[in-house]
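The following block contains the structure, expressed as structure tokens.
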Amino acid sequence: MVIGFILIIVVGCVKVGGVAEVWSRAEQGMRTTLFDFRVDPTITLAFWPTVFGGAVLMAGYAGTNQNQAQRYLTCKDVRSAKMAVFLGFTWTGILENLAVVAGLVIFSFYFGCDPLTSGKISKGDQILPYYVVDVFGEVPGLTGLLVSAVFSASLSTVSTGINGVATVFGEDVVKKLWPHLPESKFTMIVKITSVFNGLLFMALAFVASVSGNLITKLGQSIVGALNGPVLATFLLGILVPRGNAKGATTGLIVGVCLGIWLLIGGLFYPSQSSSLPLSTDLCPSSDSINVTHVYTTMYTSSEPPITTTLASDDGPADITWLYSVSFLYLSIMTAIPTFLIAFMVSLLSCKGNKPVDVSLLSPVVLPLYCCLPPSFQEVIFLEDVNSGIGKEEVI
């Protein structure tokens, strides 16, 4: 993937006329805004939702997702797992930045003669394969190699998801229903589940091919809405010594219901997206349709060219505004109520709870204990922080 991106960038820059020309065309097309500091929560990928919403989203993905957890378990110790996380995020950042630069190069290469607008491709996500065939088609085998690099990356992610769903189903459903099931039969059930999941993924791929961006947007919203309650439940367990099953279950149910409500509201009151202009003015006469294509609204010079979501005009504005919030904020909107409700229910139902094992708490909990007023210490902690350890010893 890295080699593919580098080839796309280098060859594209050479054909366009250099890095300076790529940047000049990107500026003319309003593609060079690096940061948008507007606080409007309906702006999908501005600075604030990317930093804060993205941090919560990635914390849930890296810390609570089964796909990641099964990778951590392959490491020999905790230190190796932490190093894997660090390297994973580092390489992800590198690849995402390479993808952005490659996008700028491809935009500059087709500057004034957009393949989507001119009808050479039917969907925006076909632009990369089209570019690869257009630029590298004369080199035998190179086109297939570059396209296969993209698909192999997708397949590795899909295979991880299939295996993760099968593992969760086996451990949390099959073993709970049949705890004494022989290992051979359990393995066969998990394998059958993997095959079923694979067929389901293939069916969803066909649906996605005819649904435009609906599946992508719905998937992003589902992850954003349901990631928050799961993250909050994990945080309850590692940060709150009085956290218990009643509190976790209550908070999780409320958080999931809130997330589902936001999802359903978004379907009934879909937001409207506005994209930057694309032109065919410089196409050859046989290809040009002599229009400048703008998906919804073209920004004026006083507005940063960042994709924005706008609330629908139908229905009460105070309700539809919530449905137009960036999907990156959905994790925060569902995580905070989940944690607070779980915390309160745990405090109200903690009578008779056994002392919590210190090793199950985050390392930051016990140092913070010393800073709390005595009244809060009694509320948040059990009488003994750990079995056989008094509060004075902990302090």
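Glycine is no exception: its Cβ is also placed from the backbone N, Cα and C atoms.
TrEMBL annotations: computationally assigned, not manually curated.
If you look up TrEMBL, you'll see 42-63, 84-111, 145-169, 189-210, 222-240, 252-269, 321-345 marked as transmembrane segment.
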Do the transmembrane segment (42-63) and the transmembrane segment (321-345) share at least 3 Cβ pairs under 8 Å, sequence separation 6 or more?
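Yes, the transmembrane segment (42-63) contacts the transmembrane segment (321-345).
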By Cβ distance under 8 Å, which residues at least 6 away from the ends of the transmembrane segment (189-210) in the same chain are close to it?
158, 161-163, 165-167, 169-170, 174, 181, 216
So which of 84-111, 252-269, 321-345 has the most C-beta pairs under 8 Å when paired with the transmembrane segment (222-240)?
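By the under-8 Å Cβ criterion, the transmembrane segment (222-240) pairs most with 321-345.
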Cβ under 8 Å to the transmembrane segment (252-269), counting only same-chain residues 6 or more beyond its ends: which ones?
218, 221-222, 225-226, 228-230, 232-233, 311-312, 314-315, 319-320, 322-324, 330, 333-335, 337-338, 341-342
Same chain only, please: residues at least 6 beyond the ends of the transmembrane segment (321-345) with a C-beta under 8 Å from a C-beta of the stretch. Say none if there are none.
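For the transmembrane segment (321-345), the far contacts come to 41-46, 49-50, 52-54, 56-57, 60, 217, 220-221, 223-229, 231-233, 235-236, 240, 243, 246-248, 250-252, 254-256, 258-259, 262, 265-266, 268-271, 309-312.
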